[in-house]
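Q: This structure is in structure tokens; I'll ask about it shortly.
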């Protein structure tokens, strides 16, 4: 519970000595007529995302042909995406059918913590997968030696640790603020919408959020970009056309996921303040939080031959 006072002209419309104990999401308040349709669409996407990621994790675990570093990282990404989806979608769906209950400050902080943790973990897992593709293409003879079990675990733990550290930093900085309003203009407890409810100037918090966003998006993007520059330069040196096609094919799924993931995340968290409507900002958030997690199983199922073959073996009951 936080006690806040009138602060400057910007707070004139807010009550003095307001006691805030919970928040109410207002993300879809302007879509009354479309709420049932949106519920059906998001429910379908939710089920597909969970089913797709669970199938990928199960297939990788059961099929010995997929017990390689590349698919180890894919299973970790699918697991992270599954939890990420569970953090946001259930409450969002309940709000669309009028069953949304106020969320306590502790509940909001918890949701924000897991959202940030797994969102950033996903970014660095994609970076680790980029390094894995670099080693596979540029140093194939030593691939299994370099990408040994110890290094793979270290890369995954590193990604998770960065996510945890950033989440603790962000959540602590946001929930130290005094709040004077309880209506969150969003469909979950994201950092910026919650900060807007504060009675005091949040410039320092906004600068901190921007710096962290740059570090956890631009740095991984840069590393992936460097990896693919080296990968492409190596592939172009391959003499046979068939060899080049095969090398490109091993990277196509990862590159597709990387482009969409980082593009959506950058638009959502690195774009400057503008006169965009709330609906426009929410559309970007929906794309990043609902559509992107579905992309991983769809791309790797439709574009990756080894995963498709493993699914065929699973259906045919021919696991190794």
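From the backbone N, Cα and C atoms, a Cβ is placed for every residue, glycine too.
Feature table excerpt (Swiss-Prot):
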| type | residues | note |
| --- | --- | --- |
| TOPO_DOM | 1-36 | topological domain 'Extracellular' |
| CARBOHYD | 9 | N-linked glycosylation site |
| CARBOHYD | 16 | N-linked glycosylation site |
| TRANSMEM | 37-57 | transmembrane segment |
| TOPO_DOM | 58-65 | topological domain 'Cytoplasmic' |
| TRANSMEM | 66-86 | transmembrane segment |
| TOPO_DOM | 87-110 | topological domain 'Extracellular' |
| DISULFID | 108-199 | disulfide bond |
| TRANSMEM | 111-131 | transmembrane segment |
| TOPO_DOM | 132-150 | topological domain 'Cytoplasmic' |
| TRANSMEM | 151-171 | transmembrane segment |
| TOPO_DOM | 172-207 | topological domain 'Extracellular' |
| TRANSMEM | 208-227 | transmembrane segment |
| TOPO_DOM | 228-247 | topological domain 'Cytoplasmic' |
| TRANSMEM | 248-268 | transmembrane segment |
| TOPO_DOM | 269-281 | topological domain 'Extracellular' |
| TRANSMEM | 282-302 | transmembrane segment |
| TOPO_DOM | 303-320 | topological domain 'Cytoplasmic' |
Q: Can the transmembrane segment (66-86) be said to touch the transmembrane segment (208-227) if we require at least 3 CB pairs below 8 Å and skip pairs under 6 apart in sequence?
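A: Not in contact, no.
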Q: Quick one: find which recorded stretch in 37-57, 151-171, 208-227, 248-268 has the most Cβ pairs under 8 Å with the transmembrane segment (282-302).
A: 37-57
Q: Work out, from DSSP, the number of helix, strand and coil residues along the topological domain 'Extracellular' (172-207).
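A: DSSP composition of the topological domain 'Extracellular' (172-207): 13 helix, 4 strand, 19 coil.
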Q: State the residues, same chain only, that lie 6 or more residues beyond the ends of the transmembrane segment (208-227) and have a CB under 8 A from a CB inside it; answer 'none' if no residue qualifies.
A: 120, 123-124, 126-127, 130-131, 133-134, 162, 166, 169-170, 173, 191-192, 195, 258, 262, 265-266, 269-270
Q: Averaged over the whole of the topological domain 'Cytoplasmic' (228-247), what is the pLDDT?
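A: Computed over the topological domain 'Cytoplasmic' (228-247), the mean pLDDT is 86 on the 0 to 100 scale.
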Q: For residue 108 (disulfide bond), just count the other CB atoms lying within 10 A of its CB, please.
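A: Excluding its own Cβ, residue 108 (disulfide bond) sees 22 Cβ atoms within 10 Å.
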Q: So for residue 199 (disulfide bond), how many other CB atoms are inside 10 Å of its CB?
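A: Within a 10 Å radius of the Cβ of residue 199 (disulfide bond) lie 23 other Cβ atoms.
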Q: Are there residues at least 6 beyond the ends of the topological domain 'Cytoplasmic' (58-65) whose Cβ is under 8 Å from a Cβ of it, and what are they?
A: 71-72, 74-75, 306-307, 309-311, 313-314, 319-320
